[in-house]
């Protein structure tokens, strides 16, 4: 038991050191992003800061709650399979929200949607240390998932819809960076368990309270309405017709993230990696993602989203196929995974930015919902397919699957003509 928790603390320490370095390196991007030129015709400085703060805290919440609850259940003697089934509730909440959130946000606006999400996530998270039933925890996870989903839907859509095409890539990349930093720093809150079981949840509640105060100072804004006569099914059909390629990255990103988080440790053990090495390798995906996410966003503003998406998919697919050749050489695996994370860490956000280039503003809420559903589908499929492949086909099958999936996306992109971007409409306040 002591050894297992020592390994967990080792992994958290590695993550802290890596992301402290990332935060320091991020300072050099700040001058570019927040310069007067970059802020021209962009979301207001104050609003952007608040939305990114909400995203960072939401990422911190998810990064803390997932491993924290797993540790607490393990300490109670709950088996790993029951532990895993219980953790699925968060994704059930996230997935189910996408089927009903669009209409309320059109009516209530972004601000009230974010406040609703903060309250659900904060209250649900705060109740965990006081209610110990597995069934109650399952319900609380669903509630937290709904809250997180509402937060991300509103913040993504608000940033994308209010950003002009020439700077949209960098702003949606900032969104991805904020979530990535928060998610990666989340596990550091596990150390508060040495004080009391409720201490990490208390920290979460304080952070949510702070961003709630920030959000309360924002002016209300609403998504742009699609044509009133258009039926819901027609809006989704039109979104697929105009931006189907831009919506594919969400599936691939969900597939990759869930596959790596769930089954890379199993792969590592089978090729002879130590648990300490696996704990060191997993954060390298996030490190690479945060280092290249903003530069890729700026590049997509210059040369277009589609060329950047195709190039990143091609390079990432090749590196996935190379990983089995690296065997158990830790340094080589570290480099490969960092590059993979760098190339595809912004896949979801760049896909959304590309969809915003192609679609009328009235269809952006539908595109956001479709992308979230695609991500959930990829997240649900990845662990099952890769786990089956490792068990019954080959230890290397998960990387062959991911390499082929990203390479196929690149080939499809090269063989299809991109639709011309829609004329930029006046930015919504």
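Any Cβ shown, glycine's included, is placed from N, Cα and C.
Positions annotated as domain 'Major facilitator superfamily (MFS) profile' by TrEMBL: 47-421. If you look up TrEMBL, you'll see 48-72, 84-101, 113-132, 138-160, 172-192, 198-218, 238-256, 276-296, 308-326, 332-356, 363-385, 397-415 marked as transmembrane segment.
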> Would the transmembrane segment (363-385) count as touching the transmembrane segment (308-326), i.e. at least 3 C-beta pairs under 8 angstroms with sequence separation of 6+?
Replying inline: no
>> With a cut-off of 8 Å between Cβ atoms, can you find at least three pairs linking the transmembrane segment (238-256) to the transmembrane segment (397-415)? Only pairs 6 or more residues apart in sequence count.
In response: yes
> Hey, would you say the transmembrane segment (84-101) packs against the transmembrane segment (397-415), going by three or more CB pairs under 8 A that are 6+ residues apart?
Replying inline: no
> How about the transmembrane segment (276-296) and the transmembrane segment (172-192): do they have 3 or more C-beta pairs under 8 A, pairs 6 or more apart in sequence?
Replying inline: yes
>> Considering only Cβ pairs within less than 8 angstroms, which of the stretches 48-72, 113-132, 138-160, 363-385, 397-415 has the most against the transmembrane segment (172-192)?
In response: 48-72
